[in-house]
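As annotated by Swiss-Prot, Zn(2+) 1 binding site applies to His69, His109, Glu145. According to Swiss-Prot, the Zn(2+) 2 binding site annotation covers Glu145, Asp179, His216, Glu261, on the basis of sequence analysis. The feature Zn(2+) 3 binding site is assigned by Swiss-Prot to His182, Asp229, His231.
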Amino acid sequence: MKYIGAHVSASGGVENAVLRAVEIGANAFALFTKNQRQWKALALKADTIEKFKRFCKAHQFSPEHILPHDSYLINLGNPEAENLAKSREAFIDEMERANQLGLKLLNFHPSAHLNKISESECLARIAESINIAVDKVPNVIAVIENTAGQGSNLGYRFEHLAEIIDQVEDKNRVGVCLDTCHLFSAGYDISSLESCEQTFSEFERTVGFQYLRGMHLNGSKTPLGSRVDRHHTLREGTIGTDFCKFIMQDDRFDNIPLILETIQPEIWTEEIKFLRTLAK
């Protein structure tokens with residue numbers, strides 16, 4: 001079964017994200033559990049946690065189909081010791097918040113080496129950061145998102161993801177989220193059914209579908225291999241819609257959250273319906 005939703009606002013309390021997902025006809029969703037542009041946040045209140053869990057149960061949202069995203073400030077491979085420690089502390093807090101809400105996943109952008117350390121050193125720091133976090137917080141899987149490869153950001157090659165995973169001690173506590181806009185911008189062609197098969201076969205060989213814990217379904221405003229991250233709606237932009245058909249008709253993408261981060265929230269309901277029409 002396909003679980004489709006969007007990254008909805010948690011404004012006014014994380015429990016409201018559940019209701020906003022219901023409004024757009026979703027059976028999966030993503031959210032921030034705190035302000036994504038601040039390092040610190042007030043602790044989740046007991047009544048907020050209770051409402052979130054109650055609303056999820058009432059509307060049949062399973063923890064496996066909810067994909068919280070961490071703060072954009074966090075850089076788990078930061079070359080500077082002080083900033084690395086700050087990022088690790090913030091990531092552990094994000095994991096604790098997810099665990100408090102009964103969630104099983106935490107999506108994050110891997111890192112940027114800032115041209116101060118090598119790619120391998122940066123990837124090793126990311127893996128070490130995951131090891132530290134999962135040792136401190138139970139239950140939650142660290143879900144690495146592929147990137148478009150802007151600037152010194154890593155994670156734009158499948159090999160980067162594999163190198164991180166290889167150095168994570170508990171393989172049950174690490175996973176991957178593939179963003180279709182990022183894939184295309186990084187040079188992985190998904191503009192036809194044939195190119196999708198080639199790209200996802202390469203993913204299987206390099207990383208493995210057993211690690212795929214979610215996807216972000218986005219169009220792109222930039223051409224193949226641009227290394228620029230600019231999301232578009234599903235049916236506009238440079239990729240086309242064959243990738244949507246491929247994903248919706250392939251059971252390797254069953255039972256994971258398929259999350260829209262497209263640029264017009266007002267058409268998310270329509271985009272979710274469109275995706276469902278493509279299913280077998």
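Sequential numbering from 1, following the chain as shown.
Any Cβ shown, glycine's included, is placed from N, Cα and C.
Quantities reported herein were computed from a predicted structural model and do not represent experimental measurements.
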| query | What binding-site residues in the list His69, His109, Glu145, Glu261 lie within 10 angstroms of His182 (Zn(2+) 3 binding site), counting C-alpha atoms? | reply | Glu145
| remark: Around the recorded Zn(2+) 2 site (Glu145, Asp179, His216, Glu261), other residues with Cβ within 8 Å of the Cβ centre, ordered by sequence, are Asn107, Asn146, Cys177, Leu178, Thr180, Cys181, His182, Met215, Asn218, Ile259
| note | Spatial neighbours of Glu145 (Zn(2+) 1 binding site) among the binding-site residues Asp179, Asp229, His231, Glu261, using Cα within 10 Å, are Asp179
| query | Out of His69, His109, Asp179, His216, which of these binding-site residues is nearest Asp229 (Zn(2+) 3 binding site) by C-alpha distance? | reply | Asp179
| query | So how many other Cβ atoms are close to His182 (Zn(2+) 3 binding site), meaning within 10 Å of its Cβ? | reply | 26
| said: Counting only residues 6+ away in sequence within the same chain, which have a CB under 8 Å from the CB of His69 (Zn(2+) 1 binding site)? | reply: His7, Ala30, Leu31, Phe32, Gln36, Leu106, Asn107, Phe108
| field | Three-state secondary structure, which DSSP defines for His69 (Zn(2+) 1 binding site) | value | strand
| said: I need the CA-to-CA distance for Asp179 (Zn(2+) 2 binding site) versus His231 (Zn(2+) 3 binding site), whole Å please. | reply: 10
| task | Provide, as an integer number of angstrom, the distance between the C-alpha atoms of His231 (Zn(2+) 3 binding site) and His216 (Zn(2+) 2 binding site). | result | 10
| query | How many whole Å apart are the CA atoms of His109 (Zn(2+) 1 binding site) and His216 (Zn(2+) 2 binding site)? | reply | 12
